[in-house]
Amino acid sequence: GRRPCCNECGICDRSLDPMCICEDLVPQCHEGCQACEEVDTGTPMYQCRSFEYYHCGTPCL
């Protein structure tokens, strides 16, 4: 499948093709996110807390 975009990747593992945690707050988690958490910022936003493959540094449109 296609990798989701992520403006700001947080922790990544050290593998050759790293899996990362994306720090972005999004209206809904991407398909395939293993651990989606709701973050209360006044409006319901979500953050994917599992290690996933992302295109890091790619703005999500």
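Using the three backbone atoms N, Cα and C, a Cβ is placed for every residue, glycine included.
The disulfide entry in Swiss-Prot for Cys29 points, among Cys20, Cys36, to Cys36.
Ranked by Cα separation from Cys6 (disulfide bond), the disulfide-bonded residues Cys12, Cys20, Cys60 are led by Cys60. Separation of the C-alpha atoms of Cys9 (disulfide bond) and Cys22 (disulfide bond): 4 Å, rounded to the nearest whole number. DSSP assigns Cys33 (disulfide bond) to coil in the three-state reduction, outside any helix or strand.
Of the candidate disulfide-bonded residues, Cys12, Cys29, Cys36, Cys48, the one lying closest to Cys60 (disulfide bond) when CA atoms are compared is Cys29. Nearest neighbour of Cys29 (disulfide bond) by Cα distance, taken over the disulfide-bonded residues Cys5, Cys12, Cys20, Cys48: Cys48.
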